[in-house]
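Pulled from TrEMBL, these are the features on record:
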- 144-156: compositional bias 'Low complexity' (COMPBIAS)
- 73-92: domain 'Helix-hairpin-helix DNA-binding motif class 1' (DOMAIN)
- 108-127: domain 'Helix-hairpin-helix DNA-binding motif class 1' (DOMAIN)
- 1-64: region 'Domain I' (REGION)
- 144-165: region 'Disordered' (REGION)
- 162-223: region 'Domain III' (REGION)
């Protein structure tokens, strides 16, 4: 019903953001991953959204990237997992970390999430096995939604958005893995010598991760 919101970021209150869209204020629950990508209050913001309807409440959940939104949707398919638990998982684990936990069948990663015990962790690993896809280094990188300004995209583009290049998608993917923008841009610059400009985002991510690994190894050897 509400695919995305674009407006002015009014405030961040706990795990919610308030967005003014044409004079109408929306309260949107977001993960800590998305919070870290938000612009300052008073700046324009655009978020993908999911409207969750319950008998006594309608709630909006917002996402900075299409990858995070897809992970949220997958989490909601797990029995016993509601939107708040799904958001808690995505506050602790990025979509990439969640994919890796599922591929490795590692419950220890999931039990880091408040409210997720061993039993629920095992259920998540079992039920998400065929629903999240491969980690980004081995699969396709996800498109991102820009946190500020009018330009935003998903792999197919959002209404009013603009398509991003594979390199830009790879930049968003690396940031979702926890690398700073400076680290990600430096790694992509280093990868440019071995990756064709029109190569898919996954190829850019793989090459950038190799560059990051090499840089860290060199740094360790120099100490």
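A Cβ is built for glycine as well, from the same backbone N, Cα and C atoms used for every other residue.
For the region 'Domain I' (1-64), the DSSP counts in helix, strand and coil order read 4 helix, 41 strand, 19 coil.
Same-chain residues lying 6+ beyond the ends of the domain 'Helix-hairpin-helix DNA-binding motif class 1' (108-127) with a Cβ under 8 Å from its Cβ atoms: 75, 77-81, 85, 88-89, 91-93, 97, 100-102. Mapped onto DSSP helix, strand and coil, the domain 'Helix-hairpin-helix DNA-binding motif class 1' (73-92) counts 14 helix, 0 strand, 6 coil.
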